[in-house]
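If you look up TrEMBL, you'll see 1-89, 93-188, 277-371, 375-477 marked as domain 'Fibronectin type-III'. Taken from TrEMBL, the feature domain 'Ig-like' applies to 188-273. According to TrEMBL, the feature transmembrane segment maps to 488-510. Here TrEMBL flags 607-630 as region 'Disordered'.
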Amino acid sequence: MENLEIRWSKPPKASQNGKIIGYKISYTRLSANDNLVEEDIEETKETDKEYLQLKSLENYTDYSIRISAFTIAGGGPESEPVHCRTAEAVPDPPRNIKVVQGTMQQAVLSWSTPHKVNGIIIKFNVHQRQISNGKNVQIFAVEADDWFYRLEVKIGNSYEWWMTAVNNAGESSPSEAVTLIPNKTVLPRLYSIGQQFCIALGSSIALSCDAVGVPSPSYSWGHNNKAIKANSHFKMWPNRTLSLSSALYKHTGNYTCMVHNAHGTDSVTHLITVVGPPSAPDIILISATVNNVTVGWQRPKSSYGLINYKLLYQMHNKSLHWREVTLKRSNDRYTINNLICGSRVKVKMYAINKIGPGEISGVLDVSTQAPTPEPPLPDQAISTTKTSITIHLDLWRHRECPLLHFVIERKSSDHNWIFVTERLPGTSYEMPGLKPGTMYQLRVVAHTPAGQTVHYFHAKTKNSSTEYPFIPSVEPDGSKSVFTDLHVGLPIVASLLALVLTLVTIAICLKHKMWYCNQEESNTDPIQQPEFYSALNNKKEQANLEPVDYTEEIYPYATFQMPKPYKEKLPQNFQTFVYQSPGMVNVNRCHKMRELPYVDQIIPSEDYDSPEDTHFHSLHQHSKLSRPQPLARNPCPTDNFAMHGKNDSLRKNKYVYTNLTK
């Protein structure tokens, strides 16, 4: 692992825009250009000094370094990148060591390059030891570009081989050892080593199928366990090599070469991955304010070796030019700032990998918020005199979307709209020369960067110096009436229906009640006219009277039916107590009691104990007429006293007790 120390200087004083409190260092490990799948890896560090030591960096690796300063307000722009490469180190040993017997006097040794070369490979060293000779080791130098080496052997001896890789930093540790005992029978064997290849879409590649055997083995190729036939993409050569040209995505998969002769079979498998440009990102709107919009996206599904993104946006109300922004691979959102309210912006983007630029996404059409200007309250928007109307434009509120100007128009009755003036915001405008006592319609068009909003007002000039009240309507152009708004119209309609149903119900009930009362009057039998009882009997004749059978004991109270109010004033100590049983019906069923004619019958005073008794009996004793009128069964409670009779079944549970106190 390597360390790297970097130094820098502060930005110019005029560009600091405040006190610098630290620096952000972004360093990226750059992958090899021939590796189409591996991506760059970025890391960041912060410091308040003007130098930094980066530790534990990979050997012989390219890095890109950028630095930005930040104040308490945020980070500034990054510097131009600086590229550097760490020093070499000893390489890893070769991999996948393999040995096969080529002939009775020859062996073939093959291998793969080290996992980490950590520099430039100068050569490979092949170490050979004949096991029967003990520690005697032979070393053979092989060029760095070679991947196999032929060795002489003798039948019956046992051999052992291992390898090392060499670069400018030194020699690697030894690889794993392989052994071979040559035989008289040379089996069909492949010394090609299976590998993984990532190729670009539309490119070409050749796959080796190097084999030995006596007799020379035959061979065949298969793709994902299906035999390959020569066509416009595949071609098989006499040396058993398979070539693939104009590779498509469908050519991704396993390729197996199989050799066989009379002594046996052998096979080797290669893996090919066809890599193309990235697919189109799926771009969406995250948020929009008055002055900016933020869009986001997800990493494309097919994006091997992704490098960065290109985002393009176009503002409708400025120009048709597409602006381009380069974004890091780690970004997943971007905010377009410094827009005006109501701006329409078209956004699209594409990703770039080591193959090239990918598909462009669909165009996302977004807009910044455009709050409409708010007129003042109705009683503040307009003032009037006998011959003028003043519109207070300075009271309009615009909420982050600036007002540009107003256009004012007016009309009276059914006349056409008349242009009045075009005014700047922040002022008031007076329309002189109007007719007194005339209603005018006013149309005020407020213009903002987002467009225009129309408001209507109604105002009436005065007839005199007295201010006539008016309620100006503020109705934006194209706005709905309250009656067409379901949230308002439905409750209003429901309330009206409920009111109509209530009135109809009351009318039906009143009609039914009047019919019921008339029926009661028509069904009343005149013969069943109630009689009247008085507890004030003639004391002289009381002994000769037959006892009356009452269901209850007669109390010292009078039970009687009252006539129309008597002209003579009653005593102030006259009290009434009312009792009604639970089974009594409502006395308010009829609205008016039918009046009964009556005559007073005065009984001589000598039949009573005192003048008060004579007065009481004269006041309340009535004689029946020759043709008595029927009584209402349920008199309205407007009378001071209730009327009762023996034969009235509906009133038998109600009594009026009149207590006479002297």
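Cβ atoms here come from the backbone N, Cα and C positions, even for glycine.
Each residue of the domain 'Fibronectin type-III' (375-477) gets a DSSP state, and the totals for helix, strand and coil are 7 helix, 44 strand, 52 coil. Here the domain 'Fibronectin type-III' (277-371) has a mean pLDDT of 91 out of 100. Broken down with DSSP, the domain 'Ig-like' (188-273) shows 3 helix, 45 strand, 38 coil. Under DSSP, residues within the domain 'Fibronectin type-III' (1-89) fall into helix, strand and coil as 3 helix, 45 strand, 41 coil. The residues of the domain 'Fibronectin type-III' (277-371), classed with DSSP into helix (H, G, I), strand (E, B) and coil, number 0 helix, 48 strand, 47 coil.
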